[in-house]
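Asks: Below: one structure in structure tokens.
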Amino acid sequence: MAALRYAGLDDTDSEDELPPGWEERTTKDGWVYYANHTEEKTQWEHPKTGKRKRVAGDLPYGWEQETDENGQVFFVDHINKRTTYLDPRLAFTVDDNPTKPTTRQRYDGSTTAMEILQGRDFTGKVVLVTGANSGIGFETAKSFALHGAHVILACRNLSRASEAVSRILEEWHKAKVEAMTLDLAVLRSVQHFAEAFKAKNVSLHVLVCNAGTFALPWGLTKDGLETTFQVNHLGHFYLVQLLQDVLCRSSPARVIVVSSESHRFTDINDSSGKLDLSRLSPPRSDYWAMLAYNRSKLCNILFSNELHRRLSPRGVTSNAVHPGNMMYSAIHRNSWVYKLLFTLARPFTKSMQQGAATTVYCAVAPELEGLGGMYFNNCCRCLPSEEAQSEETARALWELSERLIQDRLGSPSS
């Protein structure tokens with residue numbers, strides 16, 4: 001009954017609880033009215049609050065509105081094969097008072113990805129999520145799959161990715177979801193993934209650069225670069241380069257780059273203010289795992305901003321997001337310090353569904369159509385660090401990334 005639960009039918013709101021003998025109904029065009037069975041009359045105003053309401057958005061995925069022979073509206077849940085006269089959107093009504101000012105944002109840190117997608121149907125949309133076999137990436141992929149999107153889980157370990165696909169299919173057997181191999185630590189693997197993806201001849205409407213590594217001991221990839229830098233930044237940079245033609249053909253399309261608030265606690269320029277490769281991919285003697293992670297997260301925002309500047313004229317936007325503080329996931333398995341900190345902070349952390357919310361919000365919010373080059377935290381735009389806002393550093397990082405790839409593979413494919 002997962003789809004029914006996600007539709008909101010289990011939710012109640014004590015403030016809007018009706019008196020005995022009253023029933024809440026909706027019209028064909030979404031207006032809420034109230035039936036008083038005791039006095040056999042109807043009215044637009046809630047009998048307790050006096051408010052007028054309407055349902056928000058489309059019906060949840062898998063639902064259809066029909067009318068019976070008496071002209072009464074009813075609803076068919078095709079996923080769970082049930083019929084009801086209760087509009088599933090009634091759990092998400094909004095006040096009919098558009099002129100009343102409000103300072104409350106629609107979503108916040110407690111919002112889940114499923115709540116953001118409630119009532120949305122993404123049939124025909126293709127979503128690619130890297131690192132989607134667990135954690136935030138899995139919740140992002142699952143949320144889209146349960147709302148009709150064709151979702152591709154791009155992961156280093158195909159076996160674990162296939163297990164993640166099975167978990168999604170257990171929730172809804174008709175979900176359109178598949179796994180593909182992508183190792184961001186190997187540039188040739190990124191290239192092979194892009195070739196395999198293009199061979200499918202599908203569109204690409206949302207690309208979520210989610211995969212990442214944290215607290216690794218110093219090491220070099222097969223391409224001769226420090227692992228954290230290549231996995232968290234350069235691999236994603238190359239992936240987007242290879243798929244940018246597909247994104248542009250699929251426009252409007254969106255790229256979401258998962259960064260972190262830790263980007264604020266580092267810098268990647270030398271004393272003269274120039275981008276310094278030795279800070280991005282340091283030798284063993286200068287390596288500190290936490291600093292390497294922070295620098296890669298700064299690269300994420302700079303990359304997202306420059307990507308938006310270059311591709312937005314072609315209908316592709318990009319935004320960077322912070323998923324949440326002290327969220328334990330598989331990327332932290334290498335750090336005993338982080339495990340200890342997480343154990344202490346766990347009562348105050350987000351769930352993985354909440355952690356995926358900002359990513360999903362930036363991927364689907366109608367108010368962000370055509371907008372990008374921004375940084376979001378708790379589904380709200382906020383300013384990143386001053387260095388993350390530097391257009392000069394963003395351009396320099398882009399050019400350096402292109403050179404690093406070209407030096408190893410030759411001219412990038414497209």
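Placed from the backbone N, Cα and C atoms, the Cβ positions cover glycine too.
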Asks: To which of the residue ranges 14-19, 50-55, 62-67, 260-265 does Swiss-Prot assign the term motif 'Nuclear localization signal'?
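Replies: Range annotated as motif 'Nuclear localization signal' by Swiss-Prot: 50-55.
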Asks: Among the residues Thr12, Thr38, Thr83, Thr317, which does Swiss-Prot list with the feature phosphothreonine?
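Replies: Record says Thr12.
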Asks: Which residue from Tyr33, Tyr61, Tyr85 is recorded in Swiss-Prot as phosphotyrosine?
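Replies: Among Tyr33, Tyr61, Tyr85, the one Swiss-Prot marks as phosphotyrosine is Tyr33.
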Asks: Rank the binding-site residues Gly131, Gly135, Gly137 by the number of other Cβ atoms within 10 Å of each Cβ, and give the residue at the low end.
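Replies: Per-residue Cβ counts within 10 Å for the binding-site residues Gly131, Gly135, Gly137 bottom out at Gly135.
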Asks: How many other Cβ atoms are found within 10 Å of the Cβ atom of Ser134 (NADP(+) binding site), counting all protein chains shown?
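Replies: Result for Ser134 (NADP(+) binding site): 18 other Cβ atoms within 10 Å.
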Asks: Inside 10 Å of the Cβ of Ile136 (NADP(+) binding site), count up the other Cβ atoms and send me the figure.
Replies: 30
